[in-house]
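Annotation comment: TrEMBL describes N13, Q46, N65, G75, N76, N160, N193, E211, R212, G221, T222 as substrate binding site. The active site, proton donor feature in TrEMBL is assigned to C74. If you look up TrEMBL, you'll see C74 marked as active site. What TrEMBL lists as active site, proton acceptor is C220.
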Amino acid sequence: MNTAFLKMNGLANDFVVVDTRAGGVRPAPEIIRKLADRKTGVGFDQFITLERSPSGADIFMRIDNADGGEVAACGNATRCIASLVMAETGKSHASIETRAGLLLAETAGEAISVDMGVPKFDWQSIPLAEEFHDTRAIELQIGPVDAPVLHSPAVVNVGNPHAVFFVDDVDAHHIERFGPLLENHPIFPERANITVAHVETPNRIRIRTWERGAGLTRACGTGACATLVTAARTGRSAREAVIAMPGGELTIRWDERDHIWMTGPAETEFAGTFDPETGAWQRAEEAAE
Ligand SMILES: N[C@@H](CCC[C@H](N)C(=O)O)C(=O)O
């Protein structure tokens, strides 16, 4: 039997969303990969499965990358799912359980704010393969030894592992070329999301992110959170800044309780169905704005 899905996006970082509470099925990884294909499938960065929350939150959100691998966190998808839950309950807040913990969301005018939790900076939590006391700049470089193209990233776990390289011009770096090498570098035993960031002013940072398991995406919510906390921690930015990405902007704030707040939009594109055995899919009607 076919499974119904919604196509959604947060700043053009896009998702297929399936609700198992309504009988939807999370397919096998090879079908997720097939559906993710932008030429022959629906085309998306992450596959989101909604389940009943075992702990009594409004919903449990499961996240699979386009490569079919399950991960714990996705900032842009969290806002999308919060918007669905709020539409369902008629409330202006939502609780979303994930493998990275319970996330609380609320409306912020037309946008949605999510408390993304507390960043972890210790090397075991990121995780790194070897001990680093100072994770504000770890010994890692790419390119010639005496003239590295990129070096000394700040690393952090914001529900998922991130390395942030601070540079002078984010467009001058071939992230599509070095992204795969860094994502799979042995220093990251669970692989990592890779961001290049340019601090334009203390309140505005431009970034591009190569996502683990999804490649270059138009925006990465957790990448934006990782950038703000590492920039603030190293004295490069204030604790609140606009993070500009190819797909649009998020406002990220690191509050006095050590929690990271992410504020931005969520959008529904269209509805469709797919066969979880074969990956054959079709579009239903354009979703109403
Ligand atoms: N697009 C996401 C992050 C999705 C997961 C990531 N690729 C990982 O493997 O950790 C976001 O908006 O945060």
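Each residue, glycine too, has its Cβ placed from N, Cα and C.
Positions of TrEMBL features highlighted on the structure.
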| residue | record | Cβ contacts under 8 Å, 6 or more apart |
| --- | --- | --- |
| N13 | substrate binding site | D45, Q46, N76, A77, T217, R218, A219, C220, G221, G247 |
| N65 | substrate binding site | D45, Q46, F47, V71, E211, R212, G213, A214 |
| C74 | active site, proton donor | F15, Q46, I48, M61, I63, N160, G221, T222 |
| N193 | substrate binding site | N160, P161, H162, A163, E183, T209, W210, E211, R212, C220, T222, G223, A226 |
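Within 10 Å of the C-beta of the residue listed as 'active site, proton acceptor' there are 34 other C-beta atoms, taking all protein chains into account. In this structure, N65 (substrate binding site) is part of a beta strand by DSSP.
In the three-state DSSP reading, T222 (substrate binding site) counts as helix. For the substrate site, whose binding residues are given in the record as N13, Q46, N65, G75, N76, N160, N193, E211, R212, G221, T222, the maximum C-alpha distance rounds to 16 Å. In the three-state DSSP assignment, the secondary structure recorded for the residue listed as 'active site, proton donor' is coil. Using a 10 Å Cβ-Cβ cutoff, T222 (substrate binding site) registers 30 neighbours.
When secondary structure is read from DSSP and collapsed to three states, R212 (substrate binding site) falls in the coil class. Secondary structure at N13 (substrate binding site), as computed by DSSP, is strand.
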